[in-house]
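Below is one structure, written out as structure tokens; comments come after it.
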Amino acid sequence: MARNFYLLLSDYLLFIIVVAATTVIPLWGRFFGKKKTRTKADYVFATGAVSAVSMMLSIARGTLGVRSFLGFPSEQFYRGAGMWETLYGMVTAYPIVAFVFIPVYFNLDITSVYQYIELRFNSRLVRCLASGTYIFRSILNLGVTVFTPTVALYTIIGIPIWMSLLAITIISILFNLLGGLKQAITADVIQVVVTIVVSVAIIIQSTIIAGGVTDVLKENYDSGRLNFFNFTGSMKTRVDTTSAWLGQLFMSLSLFGCQQNFVQRYLSMKSIKQVTRMLMLNIPVIIFLFSLSWIVGMCIYSVYSDCDPLKFGYTKSADAILPFYIQDKYSFIPGLIGIFLSTLFNSALILNVSNLNSLATVTWEDFLSQLPQFKGMPDKKQLKIIKFVGSIYGLMIMGVGFLVQLLSGVIESAQLMTSATSGPLLGVFLLAILVPFANWKGASVGMIMSHLIILSITFGHLQTDKSVQFLNTSITGCTNDTFSSDIQQPAVSMLISLSHTNPIFVDNFMENATKLPFIHTAESTSAPFKDLLNEIFSISYMYYSFIGTCITVVIGSIVSLLTMSKADAYDSKYIHPFVFKLAKIFPGHSYLFSDGHQLTDSLKKNSSNVIVEHDNLAFDIKNEESKDSSLRSLNKIHVISGDHSQVPEGEKYRKLEYV
């Protein structure tokens, strides 16, 4: 941009002020509030008053991420509303999570959701596989997240990509060291409010320029950008109504029901009823926030319907359409561009902070705390290690951010990475919750096979010809006065000039990346399999989560049936109550029981010949990994075998026979 010095200075100042305010306000209590000793529970579970509204906005914020603000308008402008229909999958996922996942592990007193996997399968291996999958996926997705705003920052005010990535990383690490989940939730709420205000301002102003709401709708409809309910019947179509709903449903179930940063928020609430109410109320919130960015895209298209900046050579990336619009239409207002850019920057920053908390917690609980040298470590030292681990993850995510520019587009990158890693994780949780005969052997084999197959398909997909198919745009209305006089036409690609990346190096990198020893490409395979591999590699990445989940569940169930033994018995509270009732109807292996280590004190005295089954919604567990030392009251005990006289007086019970 060719802006005068004072306007540019105002943008820089407002950018710094808003970023600083968003960072400092959530941490205000740490500096000026009442001093108190920080505990691991404060960091992990946001001990203290966190309102349901704040939690709801935080979860919505984590669902959408920065891609919604920058990527969705671009998707609407150049490819239409196909991805908008992924909203169906998100909305469908909320009640499933509320009534299937939450009742099983809400009262387990766990710090990491993957502790549940170990409790259910009595296997460290399966727990580590699930935790590792979450960590791998989060690092990849956060790499996209932190990279997303850097293009806009460079395009508009010239901040180099490396500097933006470094700034996001440093602030994220400092926030992680000083704050915890409660501070991250506060920052989420601030960012949601700012995003809504900026989006609404863009919608109002662009609608006025376009001539009104009717003209906005007409321009988008006539150009084929509002093509909803598109059932193609082909799994090769990048996105249609079926793949948008089905693919996003499985991705959302994996995110909302199996991912630490979401479950960590559920477990910080007081009751299952409160969690359920919050998730149900979140449906209209997510519909509004999700649709807001798509409406922004509609409005921007109506403004540029006869002069596409990308086609006319004023931008070099489809993802730059929203930043370009801001610099084109708002450059005359001092500081406004700086506020917009701070919104993008903060979106990536806060999401990164929130996930560093969860990544560090999972790494400690599922890996480090199990090592002999860390056993029995005081709470204060545990907290220090967790924060140090979070800082390491911050640096790793920055490294991934530098590599993301080799991929094609924010939405494409985010959806591909999420879909490719969602299936195995969701599959193992479905095995645990809904398949009563599943054991650790089936779960581990199912996850490993699913990972290998989906990663093979993903690498094969990356090397196939996937030329970007944009909807038609026009430059018939372009003149020398179409865009603001402050805008200059770029001479070279901002990504290539900024990163100093040799295009030949990029080509070689992608070529070598797809020639890994375990990847058999269609070109390197004998003729009989070539067509089959081409068909498989051509499947839309939107289906990867669905395929990965099915592979995990099917293989896991088959292996479990073939390897069942009494050693696989587990407490019935680790499966869904309804599934337990169904399981009792069918004859087969007696895999449901409660062991003597989890009985109340009055039962433990002579519990060697007593096997009981606890009610799923009223547990009485106290184990090594409990986040507090309190025992919850036991509402009901079902005696399966043994001496009934050992049941405490006044307890309700009923006799069950082994099947």
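Cβ atoms here come from the backbone N, Cα and C positions, even for glycine.
What TrEMBL says about this one:
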type: TRANSMEM; residues: 43-66; note: transmembrane segment
type: TRANSMEM; residues: 86-108; note: transmembrane segment
type: TRANSMEM; residues: 128-147; note: transmembrane segment
type: TRANSMEM; residues: 153-177; note: transmembrane segment
type: TRANSMEM; residues: 189-213; note: transmembrane segment
type: TRANSMEM; residues: 242-258; note: transmembrane segment
type: TRANSMEM; residues: 279-304; note: transmembrane segment
type: TRANSMEM; residues: 332-351; note: transmembrane segment
type: TRANSMEM; residues: 385-408; note: transmembrane segment
type: TRANSMEM; residues: 414-435; note: transmembrane segment
type: TRANSMEM; residues: 442-462; note: transmembrane segment
type: TRANSMEM; residues: 541-564; note: transmembrane segment
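A contact between the transmembrane segment (189-213) and the transmembrane segment (385-408) is absent, since fewer than 3 of their C-beta pairs, 6 or more residues apart, lie under 8 Å.
Sequence-distant contacts of the transmembrane segment (128-147), counting only residues of its own chain at least 6 positions beyond either end whose CB sits under 8 Å from a CB of the stretch, comprise 65-67, 112, 114, 117, 161, 165, 168-169, 258-261, 348, 351-352, 355, 358-359, 362-363, 366-367, 393, 396-405, 407, 410, 413-414, 417-418, 421-422, 424-425, 428-429, 444, 447-448, 451. Taking residue pairs at least 6 apart in sequence, the transmembrane segment (279-304) and the transmembrane segment (414-435) share fewer than three C-beta contacts under 8 angstroms.
Contact counts against the transmembrane segment (242-258), taken as Cβ pairs under 8 Å, peak for 541-564 among the stretches 153-177, 279-304, 541-564. Of the candidate ranges 153-177, 279-304, 442-462, 279-304 has the most C-beta pairs within less than 8 angstroms of the transmembrane segment (86-108). Through the fold, the transmembrane segment (279-304) approaches residues 52, 56-57, 59-60, 63-64, 68-69, 71-77, 81, 84, 87, 90-91, 94-95, 97-98, 102, 192, 195-196, 199-200, 202-203, 206-207, 209-211, 215-217, 219-220, 223, 225-226, 256, 321-322, 325, 329 of its own chain, all at least 6 residues removed from its boundaries and within a Cβ separation under 8 Å.
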